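Working notes, beginning with the structure itself.
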Amino acid sequence: MTSLKFTKIHYYIIPLVAMVVWWGMLIAMLACWGAQGRPIYSFMDGKHMRPVFLSDIAATNLNPLFISCVGFQMIFFIGSLVMEYVLRKQHKLQPYVSKKQPIFAILSIVSAILAQIGILLVSIFKTSIHEKVHLSMLGVFIFFLFWACFFNFANSFIFGNFPQRLHPNHERVIFGTHKWQNLYMVSFIAKLVWLTIAVIFAIAFGTIADDSTSAIFEWMLCFWYGFLLLFWSIDLFPLAVKNYRVRHPEKFEENFVDNHKLSPSVSEGTSETDNEYTLQNAVSLEQQV
């Protein structure tokens, strides 16, 4: 059984960096609150709850940490979606197989930008001073994040629903005879499960009257959000595999032809001579990957 070989430093790292920063911020805030003796802050009007809301901790002297980490992950979150769009349009990743997909990708990016502006404003307007604005911007973040996910996940479904239009490119994305037995459909189902659980957490956080229970769901939702960045990373990962194969052909027994550069009709009907010629061109093109 051969091990998976891929370029270690590549585009897939972009969302992973954001995920590490986001989770690191959450852990740091919980740790600081615990180290301070789990205080109930003065602006909480004497509410006794365990744990307190993330927004309560972020309204203290840790607010600069909250703002900086939110801003950092904002850049990398949006950058991940933009990079996927660009790489697919350039045929470096599996190209879009439907005219709707580029439109969905742009709608996802626009929604992500609005969502991230919302969470940035959440971090700036502290709940201790601007509670109404803080909660309103939190609503903006959740609303537009849902649509950013919806359109991105719809693209995964289209890839999975039309496997005959895919260029597997030796990535072995199809593993069965049914059209839904492919890795793109698996990705869509995993994303759908993530979204369903996220919606449940969000509803529980917003509707449960008990503050302690509501706060628990808020923290669960915050950590769960990090897994979305992992999905973005997985979407970009195939390019790291392809990049390694193009740059190290001597480590593989069979020739690699970049079918992403070809139309389905061409890639299915080329002769051996044509394939060798295509390989030479693909290698020269992929030096820029």
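In case you wondered, yes, glycine gets a Cβ from its N, Cα and C as well.
Here is what TrEMBL says about this protein:
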{"type": "DOMAIN", "residues": "11-238", "note": "domain 'CWH43-like N-terminal'"}
{"type": "TRANSMEM", "residues": "12-36", "note": "transmembrane segment"}
{"type": "TRANSMEM", "residues": "65-83", "note": "transmembrane segment"}
{"type": "TRANSMEM", "residues": "103-125", "note": "transmembrane segment"}
{"type": "TRANSMEM", "residues": "137-162", "note": "transmembrane segment"}
{"type": "TRANSMEM", "residues": "183-204", "note": "transmembrane segment"}
{"type": "TRANSMEM", "residues": "216-241", "note": "transmembrane segment"}
When you look at the transmembrane segment (216-241) alongside the transmembrane segment (65-83), do they share 3+ Cβ pairs under 8 Å, ignoring any pair fewer than 6 residues apart in sequence?
yes
Mean pLDDT, the domain 'CWH43-like N-terminal' (11-238)?
91
Under 8 angstroms, Cβ to Cβ: which one of 103-125, 137-162, 183-204, 216-241 has the largest number of such pairs with the transmembrane segment (12-36)?
216-241
